[in-house]
Amino acid sequence: MTDIEIADQATLEPITEIAEKLGLSEDEIEQYGKYKAKIDLNVKPLPDKKHKLILVTSINPTPAGEGKSTVLIGLGDALNQLNYQTTIAMREPSMGPVFGIKGGATGGGYSQVVPMEDINLNFTGDLHALTSANNTLAALIDNYIMRDNAMNLDPRRIIWKRVEDVNDRALRNVVTGLGGPMAGVPRETGFDITAASELMAILCLSTSLHDLKERISRIVVGYTYDKEPVTVGQLNFQDAITIILKDALKPNLVQTLDHTPTIVHGGPFANIAHGCNSVLATQTALNLSDYTVTEAGFGADLGGEKFLDIKQRVLGKHPDAIVIVATVRALEYNGGAKLADLNEENLDALKKGMANLNRHIKNMQLYGLPIVVAINHFVSDTDKEIQMIKDDCAKQNVEAILTDAWAKGGKGTHDLANKVVELADSPSEFTHIYDVQVDDLQTKLEKIAKQIYGAKEVSFSRKAQNQLKRFAKYGWNDLPVCIAKTQYSFTDDQKQLGAPTDFTFHIRELVPKIGAGFVVALAGNMMTMPGLPKEPAAVNMMIDDNGKITGLF
């Protein structure tokens, strides 16, 4: 059966019963129908919980993805089945990838979060609220320039873009304000996808409604004719934008097929944003659970690094254990096998591709945290391939455990769950890759590129070099950095698979996200508005006269 067929046959528990498992009363949730709810921001921590945090990340994936969310959900179910009270905390999907290449982002097989259709499509309206808030701010900025423009905002240096929750390459570069004096001031701008917006990052890093408003007020929208930054707070727009987002700030509660409480909230991409669900979602899960399992987008070089160097600084807690998801398919792909041949045994390609997994292991070990590798099982895997991965990981003093969450749900993930509990109780000495206060922006970027990606050197474009100087002048050197790069490679070139060395990492531009609290570095040709593939997932979706959807996988 397909994912959506499995989800359609599931018997869901009322969301009030799921809330009860977390000690939440009906007064502490706001129901969105029978099976979805938002959690009140003032929920108090339960004192008798262990508050253990498990981070699930992965190796560099194939274009189809490697089932990280599936393993995450299976692990959460397995822990509960073994009587370790657990909550899952994960990101909510963007409709761009849902209708583009992924077709859905709520796990797969018998490890899914439900109601699957609702979560993948409009859910509780968080992304719509973010889109509206973002574009309201854009409209306010354009109106300000058209009217008196008391702060002398330079229309050529407005960096705030509009957003849409779609993959629409035609909107990457646009001209607004055409049509004469009453239509505004003409200027070049563009659209980003909502998941890459600063407001998405702010929503995911805010710790309260007050913090949300403070962060929004710090957003830099552009520069004056004297090249001085102008913030939302200086324009006095922060309260209006906060009002639009006040409900979206509340975490969303749903369930897995096995009725594990799951908090799904916030959805920044890991390649063009920081790739982690909201701090409030993770903190709420930690407050109410013995174990919280959460994920970071794409590979450990992207979401993993950003969780540990960006989100952790706000959350104030590091993971007690890290799970790196690997597949035979992705390792063979990183070892040079063609996409069309990934269902065939290829031990030579697998051996070469192990360099990718080994680098991710060593990278996560730099943070001083215990690690286990989860081999996400595919039906095409052979015993020889599985054993090769286990043997190679053993040489790194890391255990690799076969999981079958897609076919068996939590029951296929018990061995991994037991290992995670063991690791979470082991001692660790967490450290960051860079010192956020001591290292300047350039040093931070170079440390990530060299220590995590394996680069020999970092090349900054002339534009990026000038921005480094200006950002230092503005006092932004003490912020974390968020590198936007391809998810398929350690380099900025998606064709360089495996574990390249002796390469130059290219940074072309810096983007200040002062409200979010970091500076984005755009590497290679990375774009913040994706496009659709040749055959979008949308063309294979159907809905009948009764509203039944097929093709959403």
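The backbone N, Cα and C atoms fix where each Cβ goes, and this holds for glycine too.
Annotation source Swiss-Prot lists ATP binding site at THR62, PRO63, ALA64, GLY65, GLU66, GLY67, LYS68, SER69, citing sequence analysis.
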Output field, ATP shell: CB within 8 Å of site CB centroid, site THR62, PRO63, ALA64, GLY65, GLU66, GLY67, LYS68, SER69 dropped: SER58, PRO61, THR327, ALA330
Sparsest Cβ surroundings (other CB atoms within 10 Å) among the binding-site residues PRO63, GLY65, GLY67: PRO63
Fewest other Cβ within 10 angstroms of its own Cβ, chosen from the binding-site residues ALA64, LYS68, SER69: ALA64
Other CB atoms, at most 10 A from the CB of THR62 (ATP binding site): 19
Structural state of GLY67 (ATP binding site), classified by DSSP into three states: coil
Other C-beta atoms that fall within 10 angstroms of the C-beta of GLU66 (ATP binding site): 24
